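Student: This is the structure I have questions about; it appears just below.
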Amino acid sequence: MNARLIFKMELFKYLRDKYYLIATLILLGLNVIATIALVNYDHLNSSLLITSIVLAILLFFSNLIFLGIIYPFHLLAIDYKNRVLALMVASGVNRNKLFFAKIGAVILANIVVSFVLLVVPVVTIIYQVGNLGGWDELFREMGMLMVPQMVPLSINAVLSYVAGLFILMTSVIIVKGKTLSILLYFGFNMLVAMVTSFVNTLFTSDYSFTQQLSGDNVFSSVVEVVVILVFGFIALQELRHQNL
Amino acid sequence: MTITIKNLGKSYGSLKALDIDQLTIEPGHTYGLVGANGAGKTTFFKCLTNIITDYSGEIIFDGHNPRKENAILTKMGIVLDDLSVYKDYTARFNIQYFAGLRGHYDVKKVEQMADEIGLLSVLDRPVKTFSYGMQKKLVLLIALVNSAEVLILDEPFRGLDQDTVKWFQNYLREWTGKDQHTLLISSHVQTDLESLCETVFVIDHGRIIKTLDLTADNHQTYRHITTNNDEAFETLLSSEAIPFVKTEVGFKIDISSELWQNVFPQLAENAIVITAMTKVSVLDQQGGIN
């Protein structure tokens, strides 16, 4: 049984995950409604406009929580919550391959769901900016994104996302998929932040608050890689030796 | 597939759950495992299937260590009492998912077997709507559709309706008779083991304390009998040279089914009425089961 087969079956499972697909569709519907409302803000009276803005802010955080925690946690914990890992392992699934196939499948599923949820608001905003005559400015802004300085930032963002998933997966494996994993996830994140700050103070001679805020991309990327390696190792060791 | 076990040990804290020095499971044979609750049967099966990994000693499948090369487990089918499937998904999804992990899903075979055990009409229902027995049937189906070489079944009949038990027993008899298939089964129902197994391991406090050979040569059937006329029955047994022991309440006799059929007409001729008769399990005779 190879990792590709496990990956394929993970996606097969996610595509039939009825309740979460429904939740995604509901969020998509709300995103579309909020986008339409905000685009047509000049047709709304003041109270409706305030309501729309409040709802849009709530929706923004809902999307953030759904994509950042709830959905990946669900995907990572579903096997533990249903207590099916025993049957999977007894069917010949290799625990190492399962770990990496699952991480890969969760990343892909999250990208697809993010695209589905965000495509309408993002495309509408771009279109609206263009309509308001801001295309030139927009392209200038987008051009800025392409400058070499932005590349490390993008790499750092991707690494940060993957590191977050590894921390979440480690938490899920340690407490065997219990909801407590989310608290452990926040705990691990705090720990990482503390250790990172400490290391940062050791290696930065002219350390200042503004420098910390702007961040050193290379240092951050190295930290994210270390986080991925450390938490990946802990998670793998735990999963390998776990009685199911 | 030969399974070799050496110095297998597993503890839960200070409690020694498994302590097996040496055991070999030969291909093409059927083995039973009996023991009281907590004797170590399920722990043993979980070690075999890599569900428990922190055991000491070695389990080797045809030269492969499942802790390192667990692809060997794709050749096994397993039914444990506490195995579970995805509850929010349909039964069909679960079968397809676990078959897919092994790389082969035969829809015709699945539907035929599902039909035979009464699951076909509910294949597209979410498993969370299933009763315990139906979930057990589903786990059974997942184990059986994968053309396994070795079946490991822990109390497989518990919770199943009688028709399914009969179907399953017949299936196992047919399955074990071909292609060097190996069966390892535990059950508290002694007749299940007697009808399916050639060898029975008796396990107690994690140790194999006895190995019973249930092959035809050793297979004796005892009956406890009480009659309305003990004197005449004793004379009849003596004249037929049937070994017996007189007990406080009647007779304990060692007799095959064929011989019993010969004796039966003579009972009527001698006006002997059997008032009670119980067949004694082979495992019970050997003190096999607690």
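Using the three backbone atoms N, Cα and C, a Cβ is placed for every residue, glycine included.
So TrEMBL lists these for the protein:
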{"type": "TRANSMEM", "residues": "A:20-41", "note": "transmembrane segment"}
{"type": "TRANSMEM", "residues": "A:53-78", "note": "transmembrane segment"}
{"type": "TRANSMEM", "residues": "A:99-130", "note": "transmembrane segment"}
{"type": "TRANSMEM", "residues": "A:150-175", "note": "transmembrane segment"}
{"type": "TRANSMEM", "residues": "A:182-203", "note": "transmembrane segment"}
{"type": "TRANSMEM", "residues": "A:218-236", "note": "transmembrane segment"}
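Help me see these features in their spatial surroundings.
Tutor: Counting residues 6+ beyond its ends, the transmembrane segment (A:99-130) has Cβ neighbours under 8 Å at 3-4, 6-7, 10-11, 14, 24, 27-28, 31-32, 34-35, 39, 63, 66-67, 71-72, 75-76, 137-138, 162, 165-166, 169, 235-236, 239 in the same chain.
Sequence-distant contacts of the transmembrane segment (A:182-203) (same chain, at least 6 residues past either end, Cβ-Cβ under 8 Å): 69, 73, 164, 167-168, 170-171, 174-175, 212, 219, 223, 227, 231.
Tertiary neighbourhood of the transmembrane segment (A:218-236): same-chain residues 95-96, 99, 152, 155-156, 159-160, 162-163, 166-167, 169-170, 173-174, 188, 192, 196, 199-200, 203, selected by CB-CB distance under 8 Å and a gap of 6+ residues from either end.
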